[in-house]
Structure formats: structure tokens, C-alpha cells
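Taken from TrEMBL, the feature active site, proton acceptor covers 81. For 40, 88, 98, 99, 100, 107, 108, the entry in TrEMBL reads ATP binding site. Per TrEMBL, the feature divalent metal cation binding site maps to 40, 88. The feature substrate binding site is assigned by TrEMBL to 81. What TrEMBL lists as transmembrane segment is 45-61, 67-87, 108-130.
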């Protein structure tokens, strides 16, 4: 009897299991991307700031290797923001939004990982673009 009531509540909520098809998997993945873009201001900021090195690479005629490194760094920051959001949501689920020092610690560490990754990306961008900006600057003066 108890099993039936659990099954009924699962059916109402929708079962969590394997996707019936590849297309269902893609749809759920796209739903996740849409959710993070709608709900996470930082993700929108990362996506917007990611345009700066892309436009700079185009303007300065970056080499293929520079393009690879730049795109890698942009995606690394975006992936870290995805992971940070996952951690935040799981912590909120487990704690039911109640404060706990370990929950704060986990969230702070996940946010720190995004920050360190963003600093890494900025450092790489400086290594690639600073000489190009300085060369342009000295040509103009």
C-alpha cells in the first residue's frame, strides 16, 4: 500500500529517470541553459564579458592558437558558473534554505572557484592582448 502511494506521488510530479530519446536529452539540456540564463545574473554577465576577448581577437587578427585559448578560457568560466549554480541549488535543496555554516562554506568555495577561473581568464587575456594593445598604442602616438 505504501509503495502505491509513493508511486502515485511520483507519477504526479513526473518520474526522474532516463530520457526516452536523444532529443528529449537535448531538450532538457537546452531547458537547463535557458534556466541559468534567465535566473543567474552572473551567467549573463559572463556571457556578455566573453564578447570582449572575442571582439578583441577579431580586431587584432588573433592566431588560430590564440582563438583556441581564448574560447577555452571563456567556456571554462561559463562551465564554472554552471557548476557553481548547481552547487548552490543542491545546497538550497538539502538545507531547505535554512542557514548552516557548512552550506555557506560550500557556496563560498564554489563561488571562489568561479572567481579564480575568471582571474585566470583575465590573466590569459592580458598575456594575449596587452602586447597587441601596446603595439597599437605606440603606432598611434
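Note: Cβ is positioned from N, Cα and C throughout, glycine not excepted.
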Long-range Cβ environment of residue 88 (ATP binding site), under 8 Å and at least 6 residues apart: 107, 110
Other parts of the chain folded back onto the transmembrane segment (108-130), taken as Cβ under 8 Å at six or more residues beyond its ends: 42, 46, 53, 56-57, 60, 62, 66, 69-70, 73-74, 76-77, 80-81, 83-84, 87-88
Neighbourhood of residue 108 (ATP binding site) by C-beta distance under 8 A, where only residues 6 or more apart in the same chain count: none
Collapsed DSSP category at residue 100 (ATP binding site): coil
Fewest other C-beta atoms within 10 angstroms, as judged across 100, 107, which are the binding-site residues: 100
Densest Cβ neighbourhood among 40, 81, 98 (recorded positions), 10 Å radius: 81
Distance, residue 81 (active site, proton acceptor) to residue 100 (ATP binding site) (CA atoms, angstrom): 22
Max CA-CA distance, Å, over listed ATP-binding residues 40, 88, 98, 99, 100, 107, 108: 22
Between residue 81 (active site, proton acceptor) and residue 99 (ATP binding site): CA-CA distance (Å): 22
Between residue 40 (ATP binding site) and residue 81 (active site, proton acceptor): CA-CA distance (Å): 9
